[in-house]
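Sequence annotations record features per position, and here Swiss-Prot assigns ATP binding site to Gly66, Pro67, Glu68, Ser69, Ser70, Gly71, Lys72, Thr73.
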Amino acid sequence: MSNIDKEKAVAAALAQIEKSYGKGSVMKLGQRPNVDIESVSTGSLGLDIALGIGGVPKGRIIEIFGPESSGKTTLTLHLIAEAQKKGGTCAFIDAEHALDPAYAKKLGVNIDELIISQPDTGEQALEIADTLIRSGGIDMIIIDSVAALVPKSEIEGEMGDAQMASQARLMSQALRKLTASINRTNCITVFINQIRMKIGVMFGSPETTTGGNALKFYASVRIDIRRIGSIKDKEEVIGSQTKVKVVKNKVSPPFKTADFDIMYGSGISKEGEIIDLGVKLDIIEKSGSWFSYNSVRIGQGRENVKQYLKDNPKISNEIEKLVREKSSKVTNINFEQEEEVND
């Protein structure tokens, strides 16, 4: 078969597929209208840079996991706030029945516009998620958490009954069903997950996430979030130092990390990140405990500079813009980069 005959045969096959399944069901990759991946900011400047595309990708599955009280829900609430700022409609499937509306509001979430569901079973939660995603009107959906997606058979059974891998089977089936809808509707789907310990592990990390292996395969981005220290004002703890690691990334190079502060009652400290990244990129000068911008001293001590940037949003936005511009040109901004990861 000559090249011309091959081209004609392919064109005829493509026309037949489009006739059967609709226009856009098959195409050459270069013909796709959106080659660039759209994203939504995470609310953390450092994490946006670590993800490589300025946030989490649209139309993909995201998994955020970590130990208890590490900031998983805080990060997802910031994601919702950022999506709503862009005019997006968001939904929150609260399988843990633990969402605090007052805290969500403090983080910038418009709770009047947030769709919330508190399902009774894992099947109900995932069916609700599927219906919302298929509607095409939802820009972001959060499922909190995979561990709380309890199968109906387990809820209706007796305490102590052996339910062999029922949750893993449920997740595997649901993700097979959801993936195509998520991509077609461009909906960001975020699963919050918890960590468990594997018994009898001699080598490597004993940590694993709940719900089987399906989510690890289907997720385009997996973010590991950990609390690494406390922030104190004299003796009072006012926040936590947090480290995030992008352990899987299908849209940019993975294994990058970012550090930020989560302040109690107000969430991720944007000003703290601007200072740290500004110093790393030589936008802010640091001499001893003094910080300067454009050769003008802006404060002594990190907490004082954070307050200065809060009081002067124009300068804060100016430095943030410079950080984003400079970080896109610099391949290494002293972010740690891991070479391997344990599930």
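From the backbone N, Cα and C atoms, a Cβ is placed for every residue, glycine too.
Surrounding the centroid of the Cβ atoms of Gly66, Pro67, Glu68, Ser69, Ser70, Gly71, Lys72, Thr73, where the record places ATP, the chain contributes additional residues within 8 Å, namely Ile225, Arg227. Least crowded of the binding-site residues (Gly66, Pro67, Gly71), judged by neighbouring Cβ atoms within 10 Å of its own Cβ: Pro67. Of all the binding-site residues listed here (Ser69, Ser70, Thr73), the one with the fewest other CB atoms within 10 A of its own CB is Ser69.
In the structure shown, across all protein chains, Lys72 is the one of the binding-site residues Glu68, Lys72 with the greatest number of other Cβ atoms within 10 Å.
In the three-state DSSP scheme, Pro67 (ATP binding site) falls into the coil class.
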